[in-house]
Amino acid sequence: MDSASASGAQRQDEGLRERMRPSPPVDIDAVDQALATAGYGVTTDNRTSDDKKTFGRTPDGTIFTVPQTHDMVSQLLSPTEPKNVSDLLVLAILAVHILIFWALSPQSRIPVFAAIYMFWRTSYNGGIGWLLHNQSHHNTMVRWATKSKIFVNPSTGKNPRPILYRLLKKDMETMIPKDYSFDEAPLEYNTWLVFRRFVDVILMCDFTSYCLFAIACGSRPENETTLMTALRWAAGWVLVIFNLWVKLDAHRVVKDFAWYWGDFFFLIDQELTFDGVFEMAPHPMYSVGYAGYYGISLMAASYKVLFISIIAHAAQFAFLVLVENPHIDRVYNPPPPRKRSVQHDLKDLNGFNAQTSPISDSFAATPAPNGIDDKASMQQPPSSVHNLLGLHNLDLHRVTDSSVILIQLLVFALTVLTPSTPFYQYLFVANAAIWRCWYSIGIGYILHRQSKYKSWTRHFVKYGENTDEAWRQWKGSYHLSMTMCYASFVAATWKMYSMPSDWNHGLALLKHTLGFSLAALQIWTSVSIYDSLGEFGWFFGDFFFDAQSKLTYSGIYRFLNNPERVLGLAGLWGAALITSKGAIIFLALISHILTLAFIQLVERPHMQKLYGRSLRKDAGLVKNLKRSLPPPLQQLGGSVDRIMDESFEFVEELLDSARPKLATGVNTFMKDAKSLFRQYPARITISRLDDEVAAGYNLEDYSLEIEGTESSPSAQVERSSGKEGANARAPPERRGDLKSLIFEYGAPIRVKWTAPLNHSKKDWVGLYMVTDNTRREVTRISSQGRWIATNEGAYDSLTCEKGLVTSDIVISASRRRDGENRDLASGEMVFSGDKLFWTQGVFEFRYHHNGKHNVMAISRPFEIRIGRFDEEDVVDMDNTTANSDGLIQAAIEEALLPVVRNCFDRNPEIAPETYDEHFGSLVDRDGKYAKRVVFAVHQMFGVELAPEVVRADGNVRNMAWRICNAKKVLAPYSMSRSRGTTTPTTQEKELS
């Protein structure tokens with residue numbers, strides 16, 4: 001695989017808490033004065049001009065000085081640090097753990113402390129994860145602090161808990177004696193300080209209970225020699241010391257702010273940084289930072305400790321994937337600004353050529369000028385729409401995918417149905433060796449010839465094809481070769497494998513554990529490589545296209561130059577370890593040798609020819625290891641550098657082996673869980689109405705009125721399809737002035753409500769399908785997030801306030817239409833985006849009382865309908881000239897633009913204003929936007945597109961061209977009236 005990502009679009013790094021570099025000295029008074037002049041709120045505290053200060057910024061723009069704090073261990077255990085009540089409480093809890101361990105019998109310690117440790121680990125990854133997730137999305141903890149008023153000075157008379165206030169103030173000011181005032185610090189900072197004390201309790205108890213569990217399980221294996229015991233303990237202590245160094249170096253880089261997830265509460269005016277251990281491994285605090293767990297497991301010589309360590313490590317990666325990474329992407333990796341227009345060739349504007357798509361122009365980073373040569377445009381890589389890799393890209397209509405599936409089924413059948421005799425074992429091993437030779441030598445020869453002579457491309461050009469066809473055929477050939485190479489190896493391994501008769505004998509269990517870990521490591525490495533290179537780099541696209549790509553080192557390539565050199569083959573050695581058979585060891589060895597030869601003889605020469613001096617010599621891991629060596633050793637080069645590179649890459653990545661399986665498993669689990677939740681939504685059953693609803697409120701005071709964007713006239717006309725009886729074909733007679741409400745798909749809907757003046761501040765309005773609720777007085781189905789609170793601050797969530805416009809505007813009795821003499825409260829809210837149903841149907845709004853599901857008012861039912869696009873309204877069906885096609889495409893553009901804007905929530909950052917304007921990059925990140933557009937296009941035009949097509953087209957004009965072309969291609973198979981010279985339909989006869 002390429003040694004770096006050859007892509008013009010560089011994604012920011014995966015994101016961690018490793019990001020803070022100390023700020024340069026600043027003039028504090030000048031900064032405060034400038035901020036105050038600009039209108040920011042600036043908190044003041046006592047400080048000297050000689051100090052180097054770090055500034056924090058709250059979400060409301062308040063700038064404050066972040067005082068220096070100490071790490072958890074120093075704060076608790078150092079005798080030089082002042083102790084407060086919370087410190088003593090943490091130490092007391094730790095002492096209770098030790099007393100419990102001492103009081104229990106040796107037989108009882110293992111199950112008891114296993115349960116205690118799992119409780120604290122669940123509190124860490126589940127409890128802290130839940131708090132941080134809600135703080136990130138809804139500002140929950142800060143809202144709790146605001147509602148409870150625990151940080152409000154009791155002298156104001158607004159704090160209901162003055163004792164707690166004084167306790168917190170004394171505790172925090174004792175912990176931070178310098179540059180900190182409890183009363184003057186921002187609410188977010190004080191909330192973070194309380195949160196970190198809560199974290200201290202969990203982290204210390206988590207580690208203490210783990211160590212006590214390891215002590216309880218510790219033993220010396222039977223028949224173990226003294227030398228083996230010494231080696232086992234020495235290796236264990238090396239891992240523990242390495243773990244300690246990783247944690248200390250990580251804390252040196254990120255400080256307490258990121259260590260305790262401070263950016264979930266406020267931000268520091270500093271830049272992201274990758275220094276020290278963060279240049280050596282991805283997510284070091286969660287990957288190599290858990291090496292000590294395996295060192296302790298090694299010293300304890302206990303499988304119980306090993307497996308509980310793996311579970312804990314996996315839970316930590318789940319915390320990273322589900323909580324930290326989404327927050328980092330949202331805060332530090334915002335979508336880049338989008339292009340506002342696309343330049344088009346004048347030839348494409350003057351005439352529409354059915355054989356040429358404008359989409360190829362939009363792929364280039366810079367639009368081609370007018371008159372660009374077609375040959376030059378062919379040098380650009382094709383837009384990747386229908387990818388090959390991944391189960392979600394599996395398409396049995398594609399010959400490559402169907403061939404791969406059929407061949408895999410054949411290999412599976414032969415493997416299972418044939419006996420494991422020496423003859424068949426030899427046959428399967430030989431087959432695996434042949435496929436490995438083809439995959440490395442045969443594919444390598446093709447790429448070498450392509451690099452020097454463009455031989456693969458020339459072959460297809462000779463027969464009248466273009467570079468795109470050559471590229472597609474190459475991807476299919478390479479994909480088939482790769483899958484057969486690994487499928488044959490798995491089949492050979494299966495034939496050579498024999499189940500252990502006694503799992504407790506020897507190292508059988510350890511071999512299987514390490515073997516599957518190595519296989520998981522290879523899977524994660526492959527996924528990381530694909531994420532960094534993309535489809536273009538994975539299939540060696542720079543051998544086929546001379547695109548002016550910028551060499552970037554992102555993802556796994558930040559730390560390693562050639563991750564596939566060792567880590568990409570870890571699974572082969574894992575299989576060799578599990579089977580312990582010479583034939584599999586031979587296959588793993590020959591695979592490794594051929595892969596190294598492929599990199600050295602094929603990839604490296606091409607990369608040097610293509611990128612020259614821009615190639616990096618040392619990766620982040622090697623660079624940091626060299627820094628730690630004495631100067632004489634740093635001068636060594638050549639083979640010594642290569643040996644060090646390979647050796648340390650293997651050791652470093654082996655410690656990270658628990659992550660890949662979890663990352664894949666968690667994503668699959670979350671997708672399955674979300675699918676189940678959508679299919680079986682949570683239901684709330686209420687047996688009777690709330691007493692206060694029946695006693696204290698008049699339902700006539702509650703009302704809901706809705707306003708929305710009316711759907712197109714075609715949606716109204718389609719309600720009469722001509723299939724009705726004679727009486728039903730005429731327009732319906734209305735006895736009132738209210739007409740049916742039919743709104744646009746995805747358009748915001750404004751809801752106006754009224755309620756009594758003393759209505760509950762926790763009232764809320766939800767959106768439902770009419771058919772989902774059978775009772776009018778009680779709602780029996782979850783709103784699934786489609787609800788808005790009537791008042792701000794009533795709930796511990798910001799999401800439920802999104803769309804709230806006004807609240808509790810008093811309507812005098814004189815303005816009431818029903819003649820009642822009571823004043824009313826009123827408000828407005830707008831449902832848009834994720835608070836809407838993205839489908840067609842009939843819906844209603846329901847006003848609910850006091851955070852419950854008692855219904856006080858129901859709106860008029862309304863319909864969401866997408867009108868179908870009718871070509872006959874644009875041009876005569878018999879006109880087949882190019883001018884007709886141009887008119888139809890223009891009409892499609894006009895009809896499609898407002899729909900696309902609605903699908904993109906009318907967000908100015910992503911929604912286009914014109915036909916040529918690029919979609920925002922958030923469309924590529926979040927697949928929901930493309931899926932909305934695909935559904936609308938299918939309903940409007942009868943053309944089914946894949947979401948990837950929307951992202952690849954990039955603007956409305958390209959989509960309109962694709963839809964117009966698809967309709968022409970599908971016209972012979974359409975069930976609608978023909979445009980050809982066939983017998984006229986009844987309607988055509990009448991018109992003539």
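Every residue, even glycine, has its Cβ placed from backbone N, Cα and C.
Both Ala570 and Ser711 are recorded by Swiss-Prot, but within differently named topological domains on opposite sides of the membrane. Feature transmembrane segment, per Swiss-Prot, maps to range 525-545 of the set 525-545, 735-755, 924-944. DSSP assignment over the topological domain 'Lumenal' (247-279) gives 20 helix, 2 strand, 11 coil.
Long-range Cβ contacts of the transmembrane segment (478-497) within its own chain (Cβ-Cβ under 8 Å, at least 6 residues beyond either end) map to 388-389, 400, 403-404, 407-408, 411-412, 414-415, 420, 424-425, 428-429, 431-432, 434-436, 438-439, 442-443, 539-540, 572, 575, 578-579, 581, 583-584, 587, 591. Counted over residue pairs 6 or more apart, the CB atoms of the transmembrane segment (85-105) and the transmembrane segment (198-218) come under 8 Å in at least three pairs, which marks the two as touching. Model confidence over the topological domain 'Lumenal' (546-581) is summarised by a mean pLDDT of 80. Take the transmembrane segment (198-218) and the stretches 112-132, 303-323, 404-424, 427-447, 525-545: counting Cβ pairs under 8 Å, 112-132 has the most. Residue counts for the topological domain 'Lumenal' (133-197) under DSSP (helix as H, G, I; strand as E, B; rest coil) come to 43 helix, 0 strand, 22 coil. Applying DSSP to the topological domain 'Cytoplasmic' (498-524) sorts its residues as follows: 17 helix, 0 strand, 10 coil.
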